[in-house]
Amino acid sequence: MSCPMRSGFVDSVQGGHHLGSEAGMLYGEYLMLDKVLSAQRMLSVEGKKPVHDEHLFIVTHQAYELWFKQIIFELDSIRDLFSTEHIEESRTLEILKRLNRIVMILKLLVDQVPILETMTPLDFMDFRDYLSPASGFQSLQFRLLENKLGVKSEHRVKYNQKYTEVFASDPGAIERIGTTETEPSLADLVQKWLERTPGLEQDGFNFWGKFQESVEQLLAEQEASAMSEEHENVREYRLMDIDKRREVYKSIFDAQVHDALVARGERRFTHKALQGAIMITFYRDEPRFSQPHQLLMLLMDIDSLITKWRYNHVIMVQRMIGSQQLGTGGSSGYQYLRSTLSDRYKVFLDLFNLSTFLIPRQSIPPLTNEMQKALNLAWGSPAHFARNGSLH
(Lines of atoms letter the chains of each structure in order from A and count residues from 1; the text may use other names and numbers.)
(Lines give C-alpha, C1' and ligand atoms only; values in the text may rest on other atoms or scores of the structure.)
Protein backbone atom coordinates (compact mmCIF):
# COMPACT_ATOMS: atom_id res chain seq x y z
CA MET A 1 0.00 0.00 0.00
CA SER A 2 1.47 3.33 -1.00
CA CYS A 3 1.93 6.10 1.49
CA PRO A 4 -0.85 8.70 1.14
CA MET A 5 1.66 11.44 1.96
CA ARG A 6 3.88 10.75 -1.05
CA SER A 7 4.13 13.73 -3.35
CA GLY A 8 2.56 11.85 -6.25
CA PHE A 9 -0.58 11.16 -4.23
CA VAL A 10 -0.79 14.75 -2.99
CA ASP A 11 -0.27 16.08 -6.50
CA SER A 12 -3.05 13.89 -7.85
CA VAL A 13 -5.48 15.03 -5.13
CA GLN A 14 -4.63 18.67 -5.72
CA GLY A 15 -4.68 18.33 -9.44
CA GLY A 16 -8.29 19.48 -9.84
CA HIS A 17 -9.14 22.22 -12.28
CA HIS A 18 -8.69 25.73 -10.82
CA LEU A 19 -12.11 27.38 -11.07
CA GLY A 20 -10.60 30.82 -10.86
CA SER A 21 -9.21 30.37 -14.36
CA GLU A 22 -12.72 30.08 -15.82
CA ALA A 23 -14.76 33.06 -16.92
CA GLY A 24 -17.31 34.05 -14.28
CA MET A 25 -17.80 36.00 -11.10
CA LEU A 26 -15.11 35.63 -8.44
CA TYR A 27 -15.49 35.74 -4.65
CA GLY A 28 -14.47 39.38 -4.34
CA GLU A 29 -16.68 40.41 -7.24
CA TYR A 30 -19.73 38.60 -5.87
CA LEU A 31 -19.32 40.26 -2.45
CA MET A 32 -18.30 43.60 -4.02
CA LEU A 33 -15.37 43.69 -1.63
CA ASP A 34 -13.74 46.51 -3.55
CA LYS A 35 -16.54 48.77 -2.28
CA VAL A 36 -16.96 47.20 1.17
CA LEU A 37 -13.27 47.22 2.06
CA SER A 38 -12.64 50.71 0.73
CA ALA A 39 -15.47 52.26 2.76
CA GLN A 40 -13.35 52.82 5.90
CA ARG A 41 -12.64 56.52 5.52
CA MET A 42 -10.51 57.67 8.46
CA LEU A 43 -10.92 61.41 8.97
CA SER A 44 -7.95 61.45 11.33
CA VAL A 45 -5.77 60.25 8.45
CA GLU A 46 -7.18 62.93 6.16
CA GLY A 47 -6.45 65.44 8.91
CA LYS A 48 -2.80 64.30 8.93
CA LYS A 49 -3.14 63.09 12.54
CA PRO A 50 -3.95 59.38 12.18
CA VAL A 51 -5.60 57.74 15.20
CA HIS A 52 -5.28 53.95 15.20
CA ASP A 53 -8.58 53.21 17.00
CA GLU A 54 -10.70 55.20 14.55
CA HIS A 55 -10.46 52.23 12.18
CA LEU A 56 -11.95 49.91 14.83
CA PHE A 57 -14.73 52.41 15.51
CA ILE A 58 -15.66 52.61 11.82
CA VAL A 59 -15.52 48.87 11.12
CA THR A 60 -17.60 48.01 14.21
CA HIS A 61 -20.35 50.47 13.32
CA GLN A 62 -20.37 49.43 9.68
CA ALA A 63 -20.77 45.83 10.84
CA TYR A 64 -23.73 46.94 12.98
CA GLU A 65 -25.36 48.55 9.97
CA LEU A 66 -24.88 45.42 7.84
CA TRP A 67 -26.50 43.29 10.52
CA PHE A 68 -29.33 45.83 10.89
CA LYS A 69 -29.91 45.42 7.17
CA GLN A 70 -30.14 41.63 7.56
CA ILE A 71 -32.55 41.95 10.51
CA ILE A 72 -34.76 44.27 8.46
CA PHE A 73 -34.64 41.78 5.57
CA GLU A 74 -35.79 38.99 7.90
CA LEU A 75 -38.45 41.18 9.53
CA ASP A 76 -39.95 42.10 6.17
CA SER A 77 -40.19 38.44 5.18
CA ILE A 78 -41.76 37.51 8.54
CA ARG A 79 -44.32 40.29 8.24
CA ASP A 80 -45.15 39.05 4.76
CA LEU A 81 -45.72 35.52 6.13
CA PHE A 82 -47.96 36.93 8.86
CA SER A 83 -49.98 39.07 6.44
CA THR A 84 -52.30 36.23 5.43
CA GLU A 85 -55.21 35.35 7.70
CA HIS A 86 -54.68 31.61 7.30
CA ILE A 87 -51.20 30.54 8.45
CA GLU A 88 -50.21 26.94 7.77
CA GLU A 89 -47.90 25.08 10.16
CA SER A 90 -45.19 25.06 7.49
CA ARG A 91 -45.30 28.87 7.39
CA THR A 92 -45.14 28.99 11.18
CA LEU A 93 -41.97 26.88 11.04
CA GLU A 94 -40.45 29.35 8.57
CA ILE A 95 -41.42 32.24 10.84
CA LEU A 96 -39.76 30.48 13.80
CA LYS A 97 -36.60 29.89 11.78
CA ARG A 98 -36.31 33.53 10.76
CA LEU A 99 -37.16 34.87 14.21
CA ASN A 100 -34.48 32.61 15.65
CA ARG A 101 -32.04 33.99 13.08
CA ILE A 102 -32.81 37.52 14.28
CA VAL A 103 -32.22 36.38 17.86
CA MET A 104 -28.82 34.92 16.92
CA ILE A 105 -27.84 38.14 15.11
CA LEU A 106 -28.85 40.25 18.10
CA LYS A 107 -26.75 38.05 20.39
CA LEU A 108 -23.82 38.76 18.09
CA LEU A 109 -24.50 42.50 18.22
CA VAL A 110 -24.59 42.43 22.03
CA ASP A 111 -21.21 40.67 22.01
CA GLN A 112 -19.71 43.27 19.66
CA VAL A 113 -19.89 46.04 22.27
CA PRO A 114 -16.98 44.65 24.38
CA ILE A 115 -14.78 44.83 21.28
CA LEU A 116 -15.34 48.59 21.16
CA GLU A 117 -14.53 48.74 24.87
CA THR A 118 -10.97 47.66 24.09
CA MET A 119 -10.61 51.32 23.09
CA THR A 120 -9.88 53.61 26.04
CA PRO A 121 -11.69 56.93 26.65
CA LEU A 122 -8.48 58.80 25.82
CA ASP A 123 -8.15 56.87 22.55
CA PHE A 124 -11.72 57.85 21.66
CA MET A 125 -11.08 61.48 22.56
CA ASP A 126 -8.25 61.54 20.03
CA PHE A 127 -10.73 61.36 17.14
CA ARG A 128 -14.12 62.22 18.70
CA ASP A 129 -14.11 65.75 17.33
CA TYR A 130 -14.06 64.34 13.80
CA LEU A 131 -17.43 62.66 14.41
CA SER A 132 -19.52 65.73 15.23
CA PRO A 133 -22.33 66.13 14.32
CA ALA A 134 -22.49 62.44 13.32
CA SER A 135 -24.23 60.25 15.90
CA GLY A 136 -25.74 56.81 16.30
CA PHE A 137 -29.03 58.69 16.77
CA GLN A 138 -28.86 59.23 13.00
CA SER A 139 -28.90 55.52 12.15
CA LEU A 140 -31.77 55.32 9.69
CA GLN A 141 -31.77 51.53 9.68
CA PHE A 142 -32.14 51.29 13.45
CA ARG A 143 -35.17 53.61 13.32
CA LEU A 144 -36.67 51.50 10.53
CA LEU A 145 -35.97 48.37 12.58
CA GLU A 146 -37.72 49.85 15.63
CA ASN A 147 -40.75 50.88 13.60
CA LYS A 148 -41.03 47.56 11.79
CA LEU A 149 -40.95 45.76 15.15
CA GLY A 150 -43.64 48.04 16.54
CA VAL A 151 -42.08 50.85 18.61
CA LYS A 152 -44.68 53.63 18.49
CA SER A 153 -43.89 57.35 18.53
CA GLU A 154 -45.99 57.95 21.64
CA HIS A 155 -43.92 55.38 23.56
CA ARG A 156 -40.60 57.04 22.73
CA VAL A 157 -39.05 59.43 25.25
CA LYS A 158 -39.74 63.09 24.46
CA TYR A 159 -36.39 63.79 22.78
CA ASN A 160 -36.68 60.63 20.66
CA GLN A 161 -40.19 61.53 19.43
CA LYS A 162 -38.59 64.03 17.03
CA TYR A 163 -36.17 61.45 15.64
CA THR A 164 -37.16 62.24 12.04
CA GLU A 165 -35.73 65.77 12.22
CA VAL A 166 -32.15 64.54 11.78
CA PHE A 167 -33.16 63.17 8.35
CA ALA A 168 -34.79 66.43 7.18
CA SER A 169 -32.22 66.88 4.40
CA ASP A 170 -32.85 63.37 3.04
CA PRO A 171 -36.32 63.09 1.42
CA GLY A 172 -35.74 59.40 0.69
CA ALA A 173 -35.10 58.66 4.37
CA ILE A 174 -38.18 60.63 5.43
CA GLU A 175 -40.29 58.66 2.95
CA ARG A 176 -38.97 55.32 4.21
CA ILE A 177 -39.62 56.29 7.82
CA GLY A 178 -43.13 57.45 6.95
CA THR A 179 -43.84 54.11 5.30
CA THR A 180 -42.72 52.14 8.37
CA GLU A 181 -44.86 54.33 10.63
CA THR A 182 -48.04 53.62 8.66
CA GLU A 183 -47.66 50.02 7.46
CA PRO A 184 -48.49 47.10 9.81
CA SER A 185 -45.60 46.38 12.18
CA LEU A 186 -44.67 42.90 13.38
CA ALA A 187 -46.46 43.71 16.66
CA ASP A 188 -49.64 44.64 14.76
CA LEU A 189 -49.59 41.39 12.79
CA VAL A 190 -48.82 39.24 15.84
CA GLN A 191 -51.71 40.92 17.63
CA LYS A 192 -54.17 40.01 14.84
CA TRP A 193 -52.77 36.47 14.81
CA LEU A 194 -53.31 36.11 18.57
CA GLU A 195 -56.88 37.38 18.24
CA ARG A 196 -57.59 34.35 16.03
CA THR A 197 -56.39 31.83 18.64
CA PRO A 198 -58.74 28.82 18.50
CA GLY A 199 -60.67 28.31 21.71
CA LEU A 200 -61.49 31.96 22.41
CA GLU A 201 -64.90 31.72 20.73
CA GLN A 202 -67.69 32.31 23.27
CA ASP A 203 -69.90 29.81 21.44
CA GLY A 204 -67.04 27.29 21.38
CA PHE A 205 -64.54 26.35 24.08
CA ASN A 206 -64.86 29.86 25.57
CA PHE A 207 -61.47 29.81 27.29
CA TRP A 208 -61.84 33.32 28.72
CA GLY A 209 -65.11 32.53 30.48
CA LYS A 210 -63.68 29.29 31.89
CA PHE A 211 -60.48 31.04 32.97
CA GLN A 212 -62.45 33.72 34.81
CA GLU A 213 -64.47 31.07 36.66
CA SER A 214 -61.25 29.27 37.66
CA VAL A 215 -59.73 32.49 39.00
CA GLU A 216 -62.86 33.34 41.01
CA GLN A 217 -62.94 29.84 42.48
CA LEU A 218 -59.21 29.98 43.31
CA LEU A 219 -59.53 33.36 45.05
CA ALA A 220 -62.59 32.17 46.98
CA GLU A 221 -60.67 29.11 48.22
CA GLN A 222 -57.70 31.28 49.22
CA GLU A 223 -60.03 33.71 51.01
CA ALA A 224 -61.68 30.88 52.95
CA SER A 225 -58.26 29.56 53.93
CA ALA A 226 -57.17 33.03 55.06
CA MET A 227 -60.29 33.49 57.18
CA SER A 228 -59.43 30.33 59.10
CA GLU A 229 -56.07 31.78 60.11
CA GLU A 230 -55.86 32.14 63.91
CA HIS A 231 -53.41 35.05 64.03
CA GLU A 232 -55.13 38.31 63.17
CA ASN A 233 -52.06 39.99 61.66
CA VAL A 234 -51.39 37.05 59.36
CA ARG A 235 -55.09 36.83 58.45
CA GLU A 236 -55.26 40.53 57.54
CA TYR A 237 -52.07 40.30 55.51
CA ARG A 238 -53.35 37.30 53.54
CA LEU A 239 -56.74 38.94 52.90
CA MET A 240 -55.03 42.13 51.76
CA ASP A 241 -52.85 40.12 49.37
CA ILE A 242 -55.94 38.37 47.96
CA ASP A 243 -57.64 41.76 47.40
CA LYS A 244 -54.59 42.92 45.47
CA ARG A 245 -54.66 39.75 43.36
CA ARG A 246 -58.35 40.30 42.68
CA GLU A 247 -57.59 43.82 41.39
CA VAL A 248 -54.81 42.46 39.18
CA TYR A 249 -57.16 39.94 37.58
CA LYS A 250 -59.84 42.61 37.20
CA SER A 251 -57.40 44.51 34.99
CA ILE A 252 -57.56 41.71 32.43
CA PHE A 253 -61.18 40.57 32.87
CA ASP A 254 -62.63 44.08 32.65
CA ALA A 255 -62.12 45.20 29.04
CA GLN A 256 -62.52 48.88 29.97
CA VAL A 257 -59.77 48.70 32.59
CA HIS A 258 -57.52 46.92 30.08
CA ASP A 259 -58.20 49.53 27.39
CA ALA A 260 -57.39 52.31 29.87
CA LEU A 261 -54.02 50.65 30.59
CA VAL A 262 -53.36 50.44 26.83
CA ALA A 263 -54.19 54.15 26.48
CA ARG A 264 -51.70 54.92 29.28
CA GLY A 265 -49.00 52.89 27.52
CA GLU A 266 -48.85 50.24 30.25
CA ARG A 267 -50.14 47.52 27.92
CA ARG A 268 -49.78 46.91 24.19
CA PHE A 269 -52.13 44.15 22.97
CA THR A 270 -55.86 44.39 22.39
CA HIS A 271 -58.00 42.63 24.98
CA LYS A 272 -58.63 39.64 22.71
CA ALA A 273 -54.96 39.33 21.70
CA LEU A 274 -54.00 39.21 25.39
CA GLN A 275 -56.54 36.42 25.87
CA GLY A 276 -54.91 34.47 23.03
CA ALA A 277 -51.43 34.91 24.51
CA ILE A 278 -52.60 33.69 27.93
CA MET A 279 -54.36 30.68 26.41
CA ILE A 280 -51.28 29.67 24.40
CA THR A 281 -49.18 29.99 27.56
CA PHE A 282 -51.50 27.73 29.57
CA TYR A 283 -51.82 25.03 26.91
CA ARG A 284 -48.32 25.26 25.43
CA ASP A 285 -47.79 21.50 25.89
CA GLU A 286 -50.58 20.75 23.42
CA PRO A 287 -49.08 19.91 19.99
CA ARG A 288 -50.89 22.64 18.05
CA PHE A 289 -49.82 25.32 20.56
CA SER A 290 -46.17 24.26 20.71
CA GLN A 291 -45.03 26.37 17.75
CA PRO A 292 -47.09 29.44 18.79
CA HIS A 293 -45.57 29.27 22.27
CA GLN A 294 -42.05 29.07 20.79
CA LEU A 295 -42.93 32.09 18.67
CA LEU A 296 -43.95 34.12 21.72
CA MET A 297 -40.70 33.14 23.46
CA LEU A 298 -38.65 34.31 20.47
CA LEU A 299 -40.47 37.65 20.41
CA MET A 300 -39.51 38.16 24.06
CA ASP A 301 -35.93 37.15 23.24
CA ILE A 302 -35.80 39.85 20.57
CA ASP A 303 -37.08 42.49 23.00
CA SER A 304 -34.67 41.30 25.72
CA LEU A 305 -31.63 41.32 23.45
CA ILE A 306 -32.37 44.79 22.08
CA THR A 307 -32.65 45.99 25.68
CA LYS A 308 -29.34 44.29 26.50
CA TRP A 309 -27.74 45.91 23.46
CA ARG A 310 -29.07 49.32 24.55
CA TYR A 311 -27.76 48.70 28.08
CA ASN A 312 -24.30 47.67 26.88
CA HIS A 313 -24.26 50.74 24.66
CA VAL A 314 -25.23 52.97 27.61
CA ILE A 315 -22.46 51.57 29.81
CA MET A 316 -19.91 51.94 27.01
CA VAL A 317 -20.94 55.57 26.41
CA GLN A 318 -20.65 56.33 30.12
CA ARG A 319 -17.16 54.80 30.13
CA MET A 320 -16.12 56.79 27.08
CA ILE A 321 -17.61 60.26 27.72
CA GLY A 322 -19.07 60.12 31.25
CA SER A 323 -22.64 61.00 32.18
CA GLN A 324 -22.58 64.80 31.81
CA GLN A 325 -21.28 65.46 28.30
CA LEU A 326 -23.53 65.93 25.27
CA GLY A 327 -23.46 63.30 22.55
CA THR A 328 -21.76 64.11 19.24
CA GLY A 329 -25.19 64.56 17.62
CA GLY A 330 -26.40 67.06 20.23
CA SER A 331 -28.41 64.67 22.42
CA SER A 332 -27.89 64.46 26.17
CA GLY A 333 -25.67 61.46 25.49
CA TYR A 334 -25.67 59.05 28.41
CA GLN A 335 -28.86 60.48 29.96
CA TYR A 336 -30.85 60.07 26.74
CA LEU A 337 -29.55 56.55 26.09
CA ARG A 338 -30.36 55.48 29.65
CA SER A 339 -33.96 56.63 29.20
CA THR A 340 -34.40 54.15 26.32
CA LEU A 341 -33.94 51.23 28.74
CA SER A 342 -37.45 51.64 30.15
CA ASP A 343 -40.43 49.41 29.37
CA ARG A 344 -41.66 52.08 26.94
CA TYR A 345 -39.36 50.56 24.33
CA LYS A 346 -40.45 46.96 24.90
CA VAL A 347 -42.64 46.12 21.91
CA PHE A 348 -43.93 42.86 23.40
CA LEU A 349 -44.25 44.11 26.97
CA ASP A 350 -47.46 42.15 27.56
CA LEU A 351 -45.68 38.85 26.92
CA PHE A 352 -43.20 39.62 29.72
CA ASN A 353 -46.08 40.30 32.10
CA LEU A 354 -48.10 37.16 31.34
CA SER A 355 -46.65 35.43 34.41
CA THR A 356 -48.57 37.95 36.54
CA PHE A 357 -51.79 36.18 35.56
CA LEU A 358 -50.74 32.56 35.90
CA ILE A 359 -52.73 30.20 38.09
CA PRO A 360 -51.69 26.79 39.51
CA ARG A 361 -51.62 24.06 36.90
CA GLN A 362 -54.43 22.16 38.62
CA SER A 363 -56.68 25.23 38.32
CA ILE A 364 -56.23 25.63 34.55
CA PRO A 365 -59.57 24.89 32.84
CA PRO A 366 -59.50 21.34 31.43
CA LEU A 367 -59.92 21.00 27.67
CA THR A 368 -63.13 19.55 26.34
CA ASN A 369 -62.84 16.43 24.17
CA GLU A 370 -63.54 18.51 21.08
CA MET A 371 -60.88 21.08 21.98
CA GLN A 372 -58.41 18.34 22.88
CA LYS A 373 -58.84 16.85 19.41
CA ALA A 374 -58.45 20.26 17.76
CA LEU A 375 -55.12 20.85 19.53
CA ASN A 376 -53.69 17.41 18.80
CA LEU A 377 -52.02 16.24 15.60
CA ALA A 378 -53.17 13.00 14.04
CA TRP A 379 -50.52 11.01 12.18
CA GLY A 380 -51.30 9.80 8.67
CA SER A 381 -54.92 10.88 8.55
CA PRO A 382 -55.58 13.41 5.75
CA ALA A 383 -59.24 13.56 6.73
CA HIS A 384 -58.24 14.82 10.17
CA PHE A 385 -56.31 17.75 8.73
CA ALA A 386 -59.13 18.51 6.30
CA ARG A 387 -61.55 18.74 9.25
CA ASN A 388 -59.34 20.75 11.59
CA GLY A 389 -57.32 22.91 9.23
CA SER A 390 -54.28 24.86 10.39
CA LEU A 391 -53.86 26.60 13.73
CA HIS A 392 -55.10 30.10 12.94
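Glycine is no exception: its Cβ is also placed from the backbone N, Cα and C atoms.
Here's what Swiss-Prot has on this protein:
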BINDING   PHE57, ILE58, VAL59, THR60, HIS61, ARG128, THR328  substrate binding site
BINDING   HIS313  heme binding site
Neighbour count (Cβ, 10 Å) for THR60 (substrate binding site): 14
Whole-number Å value for how far the residue listed as 'heme binding site' lies from THR60 (substrate binding site) (Cα to Cα): 13
Where ILE58 (substrate binding site) sits in the secondary structure, as DSSP reduces it to three classes: helix
Other CB atoms within 10 A, centred on the residue listed as 'heme binding site': 18
Pairwise CA distance, HIS61 (substrate binding site) versus HIS313 (heme binding site), rounded so that it is a whole Å: 12
Nonlocal residues around PHE57 (substrate binding site), in sequence order (Cβ under 8 Å, 6 or more apart): LEU116, MET119, PHE124, PHE127
Cα-Cα distance linking HIS313 (heme binding site) and ARG128 (substrate binding site), given in Å to the nearest integer: 16
Cα-to-Cα gap, ILE58 (substrate binding site) vs the residue listed as 'heme binding site', nearest whole Å: 16
